[in-house]
Each structure stands twice: as structure tokens, then as C-alpha cells.
Amino acid sequence: MADIYEHQVPEKLRGKYQAMIVYCILGFGSLISWNSMLTTADYYYKVFPDYHPSRVLTLVYQPFAFGAIVILAYHESKTSTRKRNLIGYILYTISTFLLIVLDLATKGRGGFGPYTGLCAVVAAFGLADATVQGGMFGDLSLMCPELVQSYMGGMAVAGALTSALRLITKAAFEKSNNGLRKGAMMFLAISTCIELLSVMLYAYVLPKLPIVMYYRRKAASQGSKTVSADLAAAGIQNQSDLSDDDSKNQRLSKKELLFQNIDHAVNLFLIYVCTLSIFPGFLYENTGQHGLGAWYALVLVAMYNCWDLVGRYTPLVKWLNIENRKLITIAVLSRYLLIPAFYFTAKYGDQGWMIMLVSVLGLTNGHLTVCIMTIAPKGYKGPEQNALGNLLVIFLLGGIFAGVALDWLWLIGKKNAF
């Protein structure tokens, strides 16, 4: 039955650009809340000066994200993608709104109690991240590379746009009373609205787009059970005729999929170990004082986010897209030369060199991530693609977790670090 979907090119292409826009917004929604917190870290450093906010909050976030994605990936074949993603986006919406409530309730004052509450909300962000990222990448692995790239591009847009808005709000509120707090609250209010929009788009718009229906019906014909609820939301109730041939629905186990893609998984892990060992903690606490003053860390974060966005779109240029697995591995390992480069630049270099290094870090992070996530699912059946997408997200979040932990090593030998 799967063969009937191979020749429906007109239907397959209908709604493609609308789907790309929707997936871009969903990618934006999957990171806007967390990026808003990272980008407004200067506010949290003012409120909680003794608690290393950018490092501690990231370290709180990651164990919950990593633990949740491991559990969800193990049960991915029995979990409704629709319920999973909706729960994730709703959790993002509630958690972001709670940050505003927490700040208003404490009147922007610091202390151990408010910081504990902040950490609890950040832990909820971690759970939402694992729920959404694994679910979305598993679902997108069923589809064409352009939709995967659009979602990942949206994730980078979240970083670039929040950085741009942070620079604008800092300039606008810098001389006003409680300017940092006003800017941070504005960010969180915007993030809450975007998360709510993401819930609406995923629930009511995405399931009815023809190209999305095409790929989900194709996955169902190959034995995927995770798409049933999404197809039902599109008005396709009876799936018995789409998966009636069990001989065609046999799939590789998770162990076999991981063995065949171990280089992709390890490369994703290494990409994010390198990136998160530098960004954002090192940029906020280890780059010293320069002519840009309080703007310096914000400019560095903005440059990283902007070039990460550029890097996620460069694979669209055919001769820049890396599909050779050995070349990807070489490129990933080469990024580790950036670590000593950052160390010596922070110690001896000026701000121009640091901005250049941050740009390279962002560009390579975005480019290599998209290359891996778009080529890995090729050649597999729907259920296998969904499982592989979840497995890759485990290694991606594992790399982030390890990178965040290693980021603390930059504090060794620093006066008054703890």
C-alpha cells in the first residue's frame, strides 16, 4: 500500500510553503522562552549576583530535558506525537507565564526563595524541551528535508530575534527606572504570546496542510502508529487500510538504527559539547571588560545567534551542504580548535577577535546540525525515521548537558568564582 504514495507529486507539493512557514514558527516557539531567559541574563545577574544565573539555570534545565527525552524516546513507538507536542507547547506557555507571575510576586527582588522558584520553572522548561524536540524531530524525520530545515531555521530565528530585541530594549530602557526589569518582562510577555500561537498552529492548522497529511499517511502505510491522532485531527479516521500488510511494516530496532547512525549521533553530541562549553556562560563571565562595557556580552550573544541562523540556511546552497559522513566528522572535530582560541583571545585579544570567534562558533553549529538532521533519516521507513529522530535528539541534548557541565571548568583559578 505504501507504493501508492510515491506517485502523488501534485498533492505532495501542495501546501509546502505554508508548511515551511508553520514549521518555522513552531521552531521559533520551541526555543523563544528559553532564549529570552538567556538573552536577559544581564537582568538575572543583577537580581541574583551571587548565583551564576547563566551557568546554574542551564545546568538545572539540562538534567530534566535529558532524562525526559531518554524516557520518551524509549516509548516513542507507543506515544501519540500529537499529544506529546501539544503537551510540550502548553507546558512552555504556562511556564513562561509563571516567570512573569514570579517576578511580579517578588517585586523583582532576589534571594534564595525567588531563585529556587526560578529554578523550578526552568526545570519545567527542560521537560517541555524534551517533549517538543523529540516529538517534532521524530515527526519531521518522516518528511522532506526542507521542512526539517525550516523548523531548525525557526529555532535559530528565536535566538537572533531575541538578541536583536534585547539590544533595542536595553537602549530604550537603559536610563529609565527598573529598565532591565521592564525589558525582561516585555520579553517574557512576547514569549508567552508566541507559545500560545504555537499551540494553536499545531492543534488546528498543521494537521490539515496537504503536504503534512501526505507524509503522515505515508508513514501510517508503513506501520507508524504515532501519527494516528494527527491524521484523525485532519479528518482521516480509519487507518486500517493503510497498514494492513505486516510483512512490509517490519522495522529496524532502536539498537540497529543507532548502530547504523552512530557517527551522526556522536557528531551531534560533540557539536553541542563544544558549543555549550562556551555559550553562554563563558561569554557572560570570562570575556573580561572592553570598550563596549555592559553591552559586550549582549553583542557576543547576538553575534552567535545571528550566525547560528545563517548557518541553518547555508545547507540550502547545494555546494555548501555536506552529505559525506567523513567530512562531517572532520568538520565537527575541527571545531574543538575554537576552545583554546577562545581562551587565548579572552586573555590577550581584543573584542574584534572575540566577535569573529563567536561568529564562527554560531555558523558552524547551525550548519553542521542541519546537515546531520536532514541526511540521517533518508532511506528509512516512517516508524524508523521517527525512532531515529528521537535517538538523535537524545545525543543532541546529551551534548548540551555535557557542555553545560564542562562550562564550569572556565571558573577554575578565577577569583571569587564560588
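Backbone N, Cα and C define each Cβ position, glycine as well.
Keep in mind that this is a model prediction, so the values were computed, not measured.
Taken straight from Swiss-Prot:
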- 19-39: transmembrane segment (TRANSMEM)
- 56-76: transmembrane segment (TRANSMEM)
- 86-106: transmembrane segment (TRANSMEM)
- 112-132: transmembrane segment (TRANSMEM)
- 142-162: transmembrane segment (TRANSMEM)
- 186-206: transmembrane segment (TRANSMEM)
- 264-284: transmembrane segment (TRANSMEM)
- 291-311: transmembrane segment (TRANSMEM)
- 326-346: transmembrane segment (TRANSMEM)
- 353-373: transmembrane segment (TRANSMEM)
- 392-412: transmembrane segment (TRANSMEM)
When each of 56-76, 112-132, 291-311 is checked against the transmembrane segment (142-162) for Cβ pairs under 8 Å, which one has the most? 291-311
May I ask for the residues of the chain that lie six or more residues beyond the transmembrane segment (353-373) and have a Cβ under 8 Å from a Cβ within it? 137, 148-149, 152, 156, 264, 267-268, 271-272, 274-275, 278-279, 283, 287, 299-300, 303-312, 314-315, 320-323, 328, 331-332, 335, 338, 341-342, 345-346, 392, 396
Suppose I define contact as three or more CB-CB distances under 8 A, residues 6 or more apart in sequence; do the transmembrane segment (264-284) and the transmembrane segment (291-311) meet it? yes
Quick one: do the transmembrane segment (392-412) and the transmembrane segment (86-106) have at least 3 Cβ pairs under 8 Å, skipping pairs fewer than 6 apart in sequence? no
Contact set, same chain, for the transmembrane segment (56-76): CB under 8 Å, 6 or more residues outside the stretch: 34, 37-38, 44, 84, 118-119, 122-127, 129-131, 133-135, 138, 226, 254, 276, 280-281, 386-387, 390-391, 393-394, 397-398, 400-401, 404-405, 407-408
Folded-back contacts onto the transmembrane segment (186-206), same chain, C-beta under 8 angstroms, at least six residues removed: 19, 22-23, 25-26, 28-30, 32-33, 36, 39-40, 85-86, 89-90, 92-93, 96-97, 99-100, 103, 162, 165-166, 169, 212, 230, 233
Taking residues 6+ outside the transmembrane segment (19-39), which of them lie with a CB under 8 Å of any CB in it? 54, 57-58, 61, 88-89, 92, 95-96, 99, 122, 125, 129, 132-133, 136, 140, 146-147, 150-159, 161-163, 165-166, 187-188, 190-192, 194-195, 197-198, 201-202, 205-206, 209, 211-212, 280, 298, 301, 305
